[in-house]
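Features as listed in Swiss-Prot:
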type	residues	note
TRANSMEM	11-31	transmembrane segment
TRANSMEM	47-67	transmembrane segment
TRANSMEM	96-116	transmembrane segment
TRANSMEM	123-143	transmembrane segment
TRANSMEM	153-173	transmembrane segment
TRANSMEM	197-217	transmembrane segment
TRANSMEM	227-247	transmembrane segment
TRANSMEM	254-274	transmembrane segment
């Protein structure tokens, strides 16, 4: 059950939080961080990790629809590879890479929930993570050769990107940011790294949303969760489409600079007192 002091946003607050979730989930800037900082700026309570995880199901729905064709090819191609016992086929390698790449975040998420209940959401943690990942993304942007596409990916690539995805349990890191960074380090093209990040995120988003919805179920939360999820779906779809097109023609430096500025803004807010830890 939810804690007695859990805050439930009203209908328009839920729509706004869903919009924030949708816009920021797939951009490498951390949706969790923005869902923590935005309410603090406008004077709302923190909706909590459970609300954040549940409305991510809207982002999941957007991925499933946007990449429906890719997913259909992966499923049918993997089934064909299984029947033919040809495990070098591309759909099989991609599918297995996604599955094994999900293991690290599942294990880490279970451990965090068992030990601490939820990840830390203090603003100083978010600021540190935002700047730290920006440095890594900048390094990857500079050193990555960007020669590989999705056709070259194998199971080991899924493992490495999956390990990076587990770091996103730290608020401020960003799941898309950590996986995009890992993809660039593996010399993927920017748009290919983003597409793989989206596909890899499907199991993680599903498991996080369903687990939190079931374990923290409260009838009073259904309306805000539903509205937030719907809003997140719409804005996630638009965000995915924009990012794929953006990375086909531009670098990630826009997000690197934004992350550093975002982290410094939080630090300034904490120092001046207009943000509470």
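Easy rule for this one: first residue shown is 1, then count along the chain.
Quick reminder: no glycine exception, Cβ is built from N, Cα and C everywhere.
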Cβ pairs under 8 Å between the transmembrane segment (153-173) and the transmembrane segment (96-116), at least three: yes
Maximum Cβ pairs under 8 Å to the transmembrane segment (123-143) - stretch from the list 11-31, 47-67, 96-116, 197-217, 254-274: 254-274
Top Cβ-contact partner of the transmembrane segment (197-217) among 11-31, 47-67, 254-274 (pairs under 8 Å): 47-67
